[in-house]
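Visitor: What follows is a structure written as structure tokens; I'll ask about it next.
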Amino acid sequence: MASLLLSNPIVSSSFLGKNLSFNGNIRKSTLSALVFRSPRCAAADATYGGNTPKYPRSNVWDPYKRLGITTDASEEEVWSSRNFLLDQYGSHERSAESIEAAFEKILMTSFQNRKKTKINLKTRLKKKVEESPPWVQNLLAFVELPPTIIILRRLFLFSFMAFWSVMNSAEGGPAFQVALSLFACIYFLNDKSKSIGRACLIGFGSLVVGWICGSCVVPIIPAAILQPTWTLELLTSLVVYIFLFVGCTFLK
């Protein structure tokens, strides 16, 4: 009997409530009841979304309600809400995708509304012109809007003339610069209308109107903000450059 006990010992454990048999190996039924979770496995579960916060409004259809803003929110408020939510829930992939989708939808809607407003503004302006009195329509018939590159080129030319006149203000009057500007204005008008008579009429008219307006406006300017070398003739010529620029650029 003693030899039998030594060959197959049985240990009784009140803690496990089962008999553990030791004959070199622990029984599989006993090991299956003992489950251990390592810290590495717990960290892996957290990485794949176990403890990652999920955005509660991810499934809200309205993009404004999904971001928690009103429909009249400004662009700055939209960006601020998006950045705040991504800081809170950006680690959850589906939540981040839902926030970004709502943000992009709001931006696209805003762009489409701006485009429609711009088109509606042009339509309204055109309608106002058509409903205006005949004399207004005849006056607007002499006005056109050239391409932006042409406006910039002519603006640069007359700005250079004005700068040249200011730099030579201490030596003499800007008569030469004004004459060059007048010839340039007539050249541009003739190139556009193919009529030298019309070009000369508009060019000299712009010169006269600009000189009269400059002679009336310049004396009103306080002398404290003007340079001592800036004469009345120089300041009047600067006004003339503006009228010549407008005449050769926007008049037909």
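Keep in mind that glycine also has a Cβ here, set from the backbone N, Cα and C atoms.
Not my notes, these are from TrEMBL:
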| type | residues | note |
| --- | --- | --- |
| TRANSMEM | 173-189 | transmembrane segment |
| TRANSMEM | 201-226 | transmembrane segment |
| TRANSMEM | 232-251 | transmembrane segment |
Visitor: Mind checking which residues of the chain, 6+ beyond the ends of the transmembrane segment (173-189), have their Cβ under 8 Å from one of its Cβ atoms?
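Guide: That would be 154, 157-158, 161, 164-165, 196, 198-200, 202-204, 206-207, 231, 233-234, 237, 240-241, 244-245, 247-249, 251.
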Visitor: Take the transmembrane segment (232-251) and find every residue of the same chain, 6 or more past its ends, with a Cβ under 8 Å from one of its Cβ atoms.
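Guide: Residues 142-146, 150-151, 154-155, 158, 161-162, 165-166, 169, 173-174, 177-178, 181-182, 184-186, 188-189, 202-203, 205-207, 209-211, 213-215, 217-219, 221, 226 contact the transmembrane segment (232-251) from elsewhere in the chain.
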